[in-house]
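*Asks:* Just dropping this structure here.
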Amino acid sequence: MKVYEKAPAKINLLLDVLRKREDGYHEVEMIMTMVDLADRLEMSELPRDQIVLSSHAGFIPLDEKNLAFQAARLIKERYGVSRGVYIHLDKQIPVAAGLAGGSSDAAAALRGLNRLWNLGLSVAELETLGAELGSDVPFCVRGGTAIARGRGEALESIESPPQCWVILAKPPINVSTADVYGKLRANELDRHPSVPRMLDAIRGRSFPDMCAALGNVLESVTLHRYPEVRQIKNVMSRLGADGVLMSGSGPTVFGLVSKESKVPRIYNGLRGFCKEVYAVRLLT
Ligand code: ATP
């Protein structure tokens, strides 16, 4: 038997850091949603009790460092599964991009192995398992659109944002999320994006208000350190994107666009600055 799962990329419409906690984690408030750019996982049973991962993407680990591998190991151990699995990972989401590609692969592995091994786990149980693998994994298990609080694992689902085009541009640099949080002066931020304002925009289905409410406090670190990210933001705005923001800790920048006729110009204009550009829809 074989099962297939899609692992979509996520973007943060809003990312706020409230404070650094005593345990070293940051207290965050994020509004996250999925876009139609996805890795694909194919999972099949192996006769021997082992986890084997393959991928044509040359730039990701295929051993226990891979989050999909870790997800398989965790679910196997926790539920005493003594069967083996072969996972093929078709990687489409850029790596270390701020799009939660690894977390989404882990979530897809949990969902897929729950089916492959008939474990009958609920989404809530898979989310709890996912939290052991990383802060973004529970959201990737659940999907849709949600507010995340705590260190990102306390989720509340909300309605979908108004549909639009999402243009993603990733400059050729890799940004470590841990580094960005490490450099953030969380307790000294003087400006915070407004969660109520973003929620009103989404609930009111107002695309312009949603664009106006976009905000990410991690831009203060990444844009300062990598001027090319700021440049891509500026280029996207100049080319006519309605709202522009860095996703997660970066370096990917996304632009929201309501009119399809504007998409080719923005897409082609950005290709002059970076090779990795995608035009996708929100996954609503
Ligand atoms: P986030 O937005 O959650 O911080 P990201 O998009 O910035 O995530 P990932 O693409 O998840 O970053 O990759 C971060 C690191 O994790 C990479 O350096 C990579 O080597 C490692 N990694 C582990 N498993 C995976 C995976 N399945 N896909 C991609 N990277 C993985």
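Cβ coordinates are placed from backbone N, Cα and C, and glycine is handled just like the others.
Summarising the annotation, TrEMBL assigns active site to LYS10, ASP136. The ATP binding site feature in TrEMBL is assigned to PRO94, VAL95, ALA96, ALA97, GLY98, LEU99, ALA100, GLY101, GLY102, SER103, SER104. According to TrEMBL, the domain 'GHMP kinase N-terminal' annotation covers 66-144. TrEMBL lists 199-274 with the feature domain 'GHMP kinase C-terminal'.
Please situate the listed features within the shown structure.
*Replies:* DSSP assigns LYS10 (active site) to a strand. Residue density at LYS10 (active site): 27 other Cβ atoms are found within 10 A of its Cβ, drawing on all protein chains shown.
For ASP136 (active site), the same-chain residues that are 6 or more apart in sequence and have a Cβ closer than 8 Å to its Cβ are LYS10, MET32, ALA100, SER103, SER104, GLY152.
Annotation for GLY102 (ATP binding site): same-chain Cβ neighbours under 8 Å, separated by at least 6 residues, are ILE60, ASN66, LEU67, ALA68, VAL95, GLY134.
Broken down with DSSP, the domain 'GHMP kinase N-terminal' (66-144) shows 43 helix, 7 strand, 29 coil.
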*Asks:* Helix, strand, coil residue numbers for the domain 'GHMP kinase C-terminal' (199-274) per DSSP?
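*Replies:* Its residues fall into 43 helix, 11 strand, 22 coil.
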*Asks:* Which residue, out of the binding-site residues PRO94, GLY98, shows the minimum number of other Cβ atoms inside 10 Å of its Cβ in this structure?
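*Replies:* Per-residue Cβ counts within 10 Å for the binding-site residues PRO94, GLY98 bottom out at PRO94.
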*Asks:* For ligand 1, pick out the recorded positions LYS10, PRO94, GLY102, SER104, ASP136 that have a CB under 6 angstroms away from one of its atoms.
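*Replies:* Once distances to ligand 1 are taken from each Cβ, GLY102, ASP136 fall under 6 Å.
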*Asks:* ALA96, ALA100: which of these binding-site residues has the highest Cβ count within 10 Å of its own Cβ?
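*Replies:* Of ALA96, ALA100, the one with the most crowded Cβ is ALA100.
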